[in-house]
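Copied from TrEMBL, the annotated features are:
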{"type": "ACT_SITE", "residues": "E186", "note": "active site"}
{"type": "BINDING", "residues": "H185, H189, H195", "note": "Zn(2+) binding site"}
{"type": "DOMAIN", "residues": "96-284", "note": "domain 'Peptidase M12A'"}
{"type": "SIGNAL", "residues": "1-15", "note": "signal peptide"}
Amino acid sequence: MVWFLILIWFVQVGSVPITNFTNATTSNATFPATVDNSTNPNNSTNVTFTATGSTASMGTRQRQNDWLKTPETREEDLQFDLAIMEGDILVSEDRLAVKLLWPEKDGVASIPYKINDYLVDRKVTILAAFKMISDQTCILFHEYTNEINYIDIISGTGCASYVGFQGGAQSLYFGRACNVGNLCHELMHALGLHHEHTRPDRDQYVTIQWDNVVPGKQENFKVKKGDTQDLPYDYDSIMHYGTNYFSSNRNPTIDAKQRGVQIGQRNHLSPLDITRLNKPYQCGKGMHTDRQEKYQNWDAFVNAVIIALYSNHVHVLLQNNNAQFMTYYTIEEDFNTAAVD
């Protein structure tokens with residue numbers, strides 16, 4: 001009897017509870033990241049991941065070449081069937097399942113979205129990114145109401161998205177370092193657009209400096225087969241990489257052949273960006289009364305949310321001439337200005 005009591009005492013005191021161990025190692029929760037550069041003179045990012053609903057922690061790690069990182073080049077720590085193909089493009093193992101365009105109804109692609117609980121405080125930023133697209137196209141976004149197919153906006157260390165319609169809950173990563181323009185870039189991916197600098201005719205317009213590319217990241221600059229829609233190359237595209245993306249030595253990885261042009265902006269949709277969405281989604285055909293009413297309702301909804309939720313933090317300047325919109329953010333985390341031309 002004494003030995004039996006000793007055995008029970010040993011199990012209770014010396015063992016790890018099975019429930020906690022299981023919860024810590026098999027949780028399917030999203031891993032939100034916190035980034036702190038305040039005490040790091042070399043600007044290398046300390047990233048801590050904590051699994052929701054468990055005691056697991058993946059700790060802190062240093063990333064190399066962080067001086068050149070952008071929110072779109074910070075690779076996510078993705079699990080299961082996900083991989084990073086092109087910096088911020090997610091690829092599923094089931095690649096054949098991809099259908100580029102989201103389904104339309106009555107001439108409108110109205111896409112459901114769901115915002116992760118960790119991103120509720122950034123709803124104004126997310127809505128502004130939706131508005132950048134909806135103001136200029138026939139593509140609308142609405143809150144998830146139990147639809148089968150939707151965009152699931154979740155927290156992460158950077159920005160990443162699938163290209164085109166996948167079906168089901170389609171993950172789109174939106175990290176704390178990402179701004180309105182970064183999110184708009186990822187939404188353009190989700191709507192079916194690839195990077196501008198990977199189109200088949202790109203060598204006529206830019207030079208890739210392969211010797212400056214981080215080893216193993218050459219895939220980000222390879223030409224993709226696809227339709228250019230008979231549209232000109234667009235240096236100003238929100239889908240174009242910047243000069244130093246994935247640089248191993250601070251030198252340019254992409255040089256524009258046309259003098260004086262800037263590449264890699266994330267402030268607005270260019271006229272050609274808008275056309276690249278409007279053509280495949282057939283915006284403008286039969287859109288008059290019914291679609292214009294939907295545009296007006298969407299504008300009213302977004303503006304009301306922005307003003308009501310952030311009236312103490314955001315100065316909103318509305319210019320309703322030809323659906324133009326400009327928003328100035330003074331929220332601390334959104335330290336940059338977003339503008340839609």
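Quick reminder: no glycine exception, Cβ is built from N, Cα and C everywhere.
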Find the average pLDDT over the domain 'Peptidase M12A' (96-284) in the predicted model and report it. 93
I'm trying to understand the geometry here, so how far is the Cα atom of E186 (active site) from the Cα atom of H195 (Zn(2+) binding site), in Å to the nearest whole number? 10
Using CB atoms and a 10 A radius, I'd like the single residue among the binding-site residues H185, H189 with the highest neighbour count. H185
Between E186, H195, which of the recorded positions has its C-beta surrounded by the fewest other C-beta atoms within 10 Å? H195
